[in-house]
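Engineer: Dumping what TrEMBL says about this protein:
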type	residues	note
ACT_SITE	Glu343	active site, proton donor
DOMAIN	44-174	domain 'Beta-hexosaminidase bacterial type N-terminal'
DOMAIN	178-495	domain 'Glycoside hydrolase family 20 catalytic'
SIGNAL	1-32	signal peptide
Amino acid sequence: MATVRRVRHNLLAHLTVAGALLLPLVVTTASAASPPAPGPITLHSVIPAPAEVVPSSSGPFRITATTVLVAASAARPIAERLAAALRPATGFPLPIRPAGTTAITLLLNDAPDPWLGDEGYQLEVGTQGVALRANRPAGLFAGTQTLRQLLPTTVEASSVRPENWTVPAGLIRDRPRFPYRGTMLDLARHFHPPADVKRYIDEISRFKFNYLHLHLADDQGWRIEIDGWPRLTTVGGGPGTGVRGLGPGYLTQADYRELVRYAAERFVTILPEIDMPGHVNAAQVAYPSLTCDGVAPRQRTDIRVGYSSLCTSKESTYVFVEDVIRQLAALTPGPYLHVGGDEALSTRHEDYLAFEQRVLPLVAKYGKTAYGWHEIAAAPAATDAVIQYWSVSRDTPTVAAAAGAGAKVILSPADRTYLDMQYDLLTPGGLHWAGTIEVRTAYDWDPATWAHGVPADAVLGVEAPLWSETLRDYDDVEFQAFPRLAAIAELGWSPRSTHDWISFRDRLAAYGPRWTRRGVHFYRSPQIRW
Ligand code: NGO
């Protein structure tokens, strides 16, 4: 009850600024988002659940042929993107104008509202209009994603639909729980072309994910062009690479830059990963000098792990590693660079530690924060790094120790977040080494308290990796990712006080038609009443 009162108090304080749009208020509030779907769309329908919601009993706002969008300066590109999203189904012109009688207004606060931070937003809906405010463009973008979910599902149609384009009235104040909300695509086991990566970015940005981790190299393939090392991609990304030789392809540096740009427009930051010192067979086939004996290993297209290792005792290895890190850092505006570090089972432990002690600081040399799978926690230099926790055990003492000494941790427990795990043993693709993961399993856990000994303030966020051993095409990607990615989005964004399986399940059921209209090939989990 105390929480409920506090939320209402905060919200009411904000209404004094913009009360005209909203009164009268309905006396309900939304620490735990509630009403069941299917049913009318309400302010409680949104995924991920917003932090604070106060519906109003005034009539809804209705978008009509005369509605305009009002946005200045840095808000304008976001308004344009919103208008472009709403035009096909509504058929309305939705011009961007300085003012209008019925308007959707996007405003950047002159005086920052500290509660909102960089990614939060405030959305007010009244009969005369919608006012969306944020401190930064990222917050406005997040708010537009909420607004889209408040419109009828037919808004996703690609041609004009007869519909009452109403938005329920009230106020939402929202901000993320964690600064890092990510998902990963493995381009190494099967390459997925830039057009598919862009479709994935479109989908994840709707759920307010802000990082896309690209796993760009592994035993079966090398997928990013590196100047001075052309065979990495011509051989390592060429015909016959990927699992069973069926996933060839690579990104040129221009492709990569274009993905970075496209993602940034949607407030998604690309996190590149080159896995080392293990998972490097493709690089060694291309450049045998990366092995200790200089002999090229045979090309591998199976899915075993742990057999390859860079030669950690050769100086030339570090010339290669530095070249790769320097180029990737230059291509990547984001703060992080992922250097893998998992399953180096054929690297002696002392060699592994010596390798990480050299390589993690190299990332810092090029202006980025090092990021690695949780095995790097054993190296002292990992206290300055971001550690990606992928264990199926909740006890990993090396990670707890590194977190205690300053490292930040991203939660990707394989038995909760690995999108490549099967939903159940009948799922046509996917693996099950970490178990099967139905939607509720993906949803019902807490990243802040999951890893024993890792304090909540060391948890930077959550990431759902999608490994691609069994994913041949983009349909496979979508089927494994959705709907579970919506669950991970909510864990990353929504305050713990909103966590409620029944509410989530019903909101997900109501969301399903949006995926259907967009042609997203999602898994119809029997746990959800679609
Ligand atoms: C493990 C392994 C990957 C596999 C994945 C499959 C990590 C960090 N290393 O996760 O090479 O592709 O499982 O689920």
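Here the Cβ of each residue, glycine as well, is placed from N, Cα and C on the backbone.
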Engineer: Which residues, sitting 6 or more apart from Glu343 (active site, proton donor) on the same chain, put a CB under 8 Å from its CB?
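Structural biologist: Set apart from Glu343 (active site, proton donor) by at least 6 residues yet with Cβ under 8 Å, we have Gly278, His279, Val305, Gly306, Trp373, Glu375.
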Engineer: By DSSP assignment, list the helix, strand and coil residue numbers for the domain 'Beta-hexosaminidase bacterial type N-terminal' (44-174), in that order.
Structural biologist: 39 helix, 37 strand, 55 coil
Engineer: I'd like to know the mean pLDDT over the domain 'Beta-hexosaminidase bacterial type N-terminal' (44-174).
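Structural biologist: 97, rounded to a whole number.
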